[in-house]
Amino acid sequence: MYPAHLLVLLAVCVSLLGATAIPPLPLNLVQFSNLIQCVNKGSRASYHYADYGCYCGAGGSGTPVDELDRCCKIHDDCYGEAEKMGCYPKWTLYTYDCSTEEPNCSTKTGCQGFVCACDLEAAKCFARSPYNNKNYNIDTSKRCK
């Protein structure tokens, strides 16, 4: 084997080892991200909502800082209701239609329908709510009491 081939093989192996340390996102969160992009027509990348205010992102506490943060609290509460129904919202996959002017859930019943409705309402709420850069990546220990 040529030395150049060994270097390429080594680089591939090292990169694969690094990739195994990255935990996968729950499948529904990837789908939710795509639904956000569908509703807002790509005007703001989904990751902007992952660390916004007190409720957008993992966890949540205190009083929402603005309308957009209230959207996230409502979404968290909706997922809480789904869990009470025995659903696993972060892992529940559903189908939706993005080809129309008004995106909608193709799945209407059961856990899939409920979780899709949670995500669709949140995505619509995000699209109509102003985004304040000052509320991105805030110190939640000080502002979310």
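Please read every residue number as a count from 1 along the shown chain.
Placement of Cβ uses the backbone N, Cα and C atoms for every residue, glycine included.
Site annotation (Swiss-Prot, ligand Ca(2+)) includes Tyr55, Gly57, Gly59; from Asp76, Asp77, the additional listed residue is Asp76. Candidates considered were Cys71, Cys72, Cys105, Cys111; Swiss-Prot assigns the disulfide partner of Cys87 as Cys111. For Cys105, the cysteine that Swiss-Prot lists as its disulphide partner among Cys98, Cys116 is Cys116. Record source Swiss-Prot places Cys144 in a disulfide bond whose other cysteine, from Cys13, Cys38, Cys54, is Cys54.
Other residues of the chain with a Cβ within 8 Å of the Cβ centroid of Tyr55, Gly57, Gly59, Asp76, the Ca(2+) site, are Cys54, Cys56, Ala58, Gly60, Cys72, Lys73. For Asp119 (active site), the number of other Cβ atoms no farther than 10 Å from its own Cβ, over all displayed protein chains, is 27.
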